[in-house]
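Annotated domain 'Protein kinase' per TrEMBL: 10-271, in sequence order. TrEMBL lists 358-424, 425-491, 493-558 with the feature domain 'PASTA'. The annotation region 'Disordered' is assigned in TrEMBL to 299-323. According to TrEMBL, the transmembrane segment annotation covers 331-352.
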Amino acid sequence: MIGNILGNRYEVLEKIGDGGMALVYKGKCQLLNRYVGIKVLRPEFIQDKDVVNKFKRESQAAASLSHPNIVNVYDVGQYEDTYYIVMELVEGITLKKYIQEKGKLSEKEALQVGKQVAKALKHAHSNSIIHRDIKPHNILIQRDEDGRILAKVTDFGIALATTSSTLTNTGSIVGSVHYFSPEQGRGGYVDEKSDLYSLGITLYEMVTGRVPFNAKTPIAIALKHSQQKPEKPSTYNPEISSGFEALILKLLEKEQSMRYQNAELLIQDFNNLQGEGKAPNPLLASMNAQDATTQVLGKNGEKNYSNKVKRSSRSAVKEEEEEKKSKKPMIAIGIIAALIAILGITLGALYVQGLFGENDDIQMPEVVGLEREEAVEILEEHNLEYESEEVHDAEVPENFVISQNPSAGISVKEGSTVDLRISLGPDMALVPNLIHEREVDAELILDEAGLIPGEVTYEESDFPEGVIIEQDPGFRSEVSAGSEVNFTVSEGRPESMPDLSGLTRIEAERIIRQTGLIPGEISEDFSEEVPQGRVISQSIESGETVEPDETVDLVLSLGEEPEEEEEEPDPEIITKELEIDIEDLEGTVDIEVREINENRRYYRDRHNADEESLVVIPIEGEEGSGQKVFDIFINGEFQREVRMNF
């Protein structure tokens, strides 16, 4: 794939990501001269119509959105059997990795990220698109020029338009189990509030460093989403404000109707918590707004607002006022009777509890850090009852007391009950099998098992690149929950230099780039065996192991070298004399000699016949060149022919 030009426009430069369904490359748009991200459907899925349709759906969903907090999609296309999406190249890390690096985020950072994601969801929802898979893995974090956090939502791979007839996903579970809503877990009706629930889980993880619901199996986690209330975030992060905690817990309501009804109301409360809103107290604006109207998805996904709730409230108030008028006397009598009953019960309780002096105060003993048996023995010695709760604890050994209530040193009555929390030891987890899994899937597999990735090493092997080949601890090992699992990832077979001999320059340079190398200098030489324009030799011999970005020089053939002709020695020049008798002539005589062999005039001049009788003309010729024939003309008339041998 590297080196290919997609759509006659996008050059594929290098691989930067590896997902379960697609590969992500860094590319360059040759038209606009900018770097882009290119998501390419994995080759093994090309024949799978469902996966292809899912991939196309992502491109269609994301391409319709344009927002600073959403990764922009520039183009979609198909190159031969390759389906690809061209998108904005975001230089940053996932929110998941950011949380892992920091442990947990400050409230200020969490508010910034949460508000930006809410803005992205508001834009998507206004375009009738539900993301359905909001989680830290699908939120990219980078810094702007001023160092402020910028969050961008990506991966609309399972997004569906709200106008679709398949909002109820026929019972199937779509999304990531730790983050999806109760209705997604049971395959129920999914709407904008489902995305907001997932954002609530993400906010919870941001401020606590953990997800609110965890178990050994996906089904168990889904049941917790539907049945179990989350621990308050302040349990794990006492620094979180009550307003922000209330916002998160409102997002995590089991019933959709009890959550924020839309992202706009959520953004208002983010503003309130950041001191940017008009409401004097956090959550006031959104709660009032939600009480005033009920938002309903109408046909074609349009939002209709009904004031039926408001009218019902008015009717109820009116009826209540009339009922109050008729029942005032009865209420007064009831209040008096209730006061008498309460007084009697209170006095009786005080008596029973020994507050009139029958029981003595004792000082609560310290049992924290003791073994259960020893702690119980001490409590019994002080005539105290106890109730115990067993919980996992990573620091306190099994069967030891973690905490007590009331605390040591407090005065209590004999017979009081002390609540003890007894350690079950560390919460244990079974290590899942990572061998032959892809590196990109390891984090999710470990996360579902209650574990985290540890040290990752890479080595060359015969396994495909990106596949896990070793792990420590091994499969089905029992370890403490939250432990690290180290693993080794294959780098594939070591790249070796291909044989380029006999290829054209274009063919050779294409293969060089595909191998991850760089074409170098081109020189030329003669060759009897290699045709002109093809590779004679290469600077790195074929079969040698190469490193990425090494330079490969080529020598191209000029064809056969032409043979040099042997130089013959210069021939010897012979001079002979041509005699012309003009003794019988008078006055000026015009003499011309023509060389017949060369068809040229050899000699012409005027002579005075009164002063000379014989004209001698030197004739030169190469020795051995043969016979030369000359015609002699006097005053323009032919006189005779002369032949000379050389």
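Positions of Cβ are set from backbone N, Cα and C atoms, glycine also.
Where the annotation comes from TrEMBL, it is an automatic prediction and has not been curated.
Remember, predicted model here, so these are calculated numbers, not experimental data.
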**OP:** May I have the DSSP-based helix, strand and coil counts for the residues of the domain 'PASTA' (358-424)?
**Re:** 10 helix, 27 strand, 30 coil
Original post:
With DSSP helix as H/G/I and strand as E/B, how many residues of the domain 'PASTA' (425-491) fall in helix, strand and coil?
Top reply: 10 helix, 28 strand, 29 coil
Original post:
Can you tell me how the residues of the domain 'PASTA' (493-558) break down into helix, strand and coil by DSSP?
Top reply: 10 helix, 23 strand, 33 coil
